[in-house]
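As recorded in Swiss-Prot:
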{"type": "MOD_RES", "residues": "A77", "note": "N-acetylalanine"}
{"type": "TRANSIT", "residues": "1-76", "note": "transit peptide"}
{"type": "TRANSMEM", "residues": "93-113", "note": "transmembrane segment"}
{"type": "TRANSMEM", "residues": "127-147", "note": "transmembrane segment"}
{"type": "TRANSMEM", "residues": "160-180", "note": "transmembrane segment"}
{"type": "TRANSMEM", "residues": "195-215", "note": "transmembrane segment"}
{"type": "TRANSMEM", "residues": "238-258", "note": "transmembrane segment"}
{"type": "TRANSMEM", "residues": "270-290", "note": "transmembrane segment"}
{"type": "TRANSMEM", "residues": "293-313", "note": "transmembrane segment"}
{"type": "TRANSMEM", "residues": "336-356", "note": "transmembrane segment"}
{"type": "TRANSMEM", "residues": "367-387", "note": "transmembrane segment"}
{"type": "TRANSMEM", "residues": "398-418", "note": "transmembrane segment"}
{"type": "TRANSMEM", "residues": "425-445", "note": "transmembrane segment"}
{"type": "TRANSMEM", "residues": "480-500", "note": "transmembrane segment"}
Amino acid sequence: MATLLATPIFSPLASSPARNRLSCSKIRFGSKNGKILNSDGAQKLNLSKFRKPDGQRFLQMGSSKEMNFERKLSVQAMDGAGTGNTSTISRNVIAISHLLVSLGIILAADYFLKQAFVAASIKFPSALFGMFCIFSVLMIFDSVVPAAANGLMNFFEPAFLFIQRWLPLFYVPSLVVLPLSVRDIPAASGVKICYIVAGGWLASLCVAGYTAIAVRKMVKTEMTEAEPMAKPSPFSTLELWSWSGIFVVSFVGALFYPNSLGTSARTSLPFLLSSTVLGYIVGSGLPSSIKKVFHPIICCALSAVLAALAFGYASGSGLDPVLGNYLTKVASDPGAGDILMGFLGSVILSFAFSMFKQRKLVKRHAAEIFTSVIVSTVFSLYSTALVGRLVGLEPSLTVSILPRCITVALALSIVSLFEGTNSSLTAAVVVVTGLIGANFVQVVLDKLRLRDPIARGIATASSAHGLGTAALSAKEPEALPFCAIAYALTGIFGSLLCSVPAVRQSLLAVVG
């Protein structure tokens, strides 16, 4: 199409033999000495007047109809290009609208469920209840009207892929404000927490992996191919430059007009959010060898902290106030971290779609999956409580790190069931556990001789939740379905377990 538009109507290409035959077909019946003759042999046209040296021949079109025909072709090509551009724009608008509507419904459902549970004084994760409701609806539709279940899955697929694409970002705020969270924790307690986190991750990995192997040997279920899981699209250069522009403009604006949006937290929100997103985009594009020691989440958190440090220095306010504006925990005056963590509920709701997609896999390997997840979750909670007591860690800190192997969204819900906990420490410990798993899980699994994809997937997700899952599945896609299921079920079962008052009391008794 572009070539058509770029080629002139009268061009040297018209002098080709094929083109000459086409142009003169109406008038040539014979030739003699360069003359074109009619059927009766009379001279019609002398071509010698139009002859040019080789390489410079230029044969004028002999018919105005042919000229009009080629002009029409060019106009049609231009019309086609315009139509193509319009259709592309229309598709993009429809896709964006689809994403906004589907994601908006999930966020709205999460918000109203939270409000309802708070109003009813229900101490149970509202997002988990919503996840069960969505999964139940999908299962009912699948048994009665399968087309309706597929239609529902297709409708929410853009929102699901959006959540998967940006999932690590929702974990970052706890790392960004870590300097404020650990300020009151003694250094000796910090060392003990690090020991529990690192050793606990390794122990949970072993328990989940070897449990899965033992159950697989008993049930002897053959592994079959799972449903393919869609992968989010990579980041584009346009996204990088767009967020860079937002950062520069909002940073300068906040520097000269610190309360232009009403409060300092709102004014700081655009540049702190864009710096976080930029760090993640840049970190995701790093070579795999660098990602092993410099995970995208670390790059993301470091980018936000450096932006806060630069703004604190330039404005003279210092680092702490800017970090305080990053995560305010005030609904009426949110910061960038509050916006990101506001998606955590939608992460839990999205578990319903991933579980439904892999329902056949869950049914086939139910024994391995559920046994490993239950044993690993119970071990993780009670071993953390016991080791915390043995090393002399403060009870409030021990309780805060109990759900170290459970995804942030549900870990925060779990610690909210206990009194006197540090939720910022909880989130930070969960993220650090995931980072340890992301960096070392493949090497450790190989050392432990856990070769089975099911065991590797379950062990990774049960010990290092989403971050470990992403790291392993990037190189071992066959383990991804088992990672996704174990990742969701570990959080679900841990939340259900800690929602039982007797279990909470037993954990507190172990903690001392």
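For all residues, glycine too, the Cβ spot is worked out from N, Cα and C.
Sequence-distant neighbours of the transmembrane segment (127-147) (same chain, 6+ residues past either end, Cβ-Cβ under 8 Å): 109-110, 113-114, 117, 153, 344-349, 351-353, 355-356, 359, 409-410, 413, 492, 495-496. Counting Cβ pairs under 8 Å that are 6 or more residues apart, the transmembrane segment (195-215) and the transmembrane segment (425-445) reach 3 or more and are in contact.
Contact check: the transmembrane segment (270-290) against the transmembrane segment (160-180) gives at least three Cβ pairs closer than 8 Å, residues 6 or more apart, which meets the contact criterion.
Recorded stretches compared: 160-180, 238-258, 336-356, 398-418; the one with the most Cβ pairs under 8 Å to the transmembrane segment (367-387) is 398-418. Within its own chain, the transmembrane segment (93-113) is flanked in space by residues 126-127, 129-130, 155-159, 162-163, 342-343, 345-346, 348-350, which lie at least six positions past its ends and keep a Cβ under 8 Å from the stretch.
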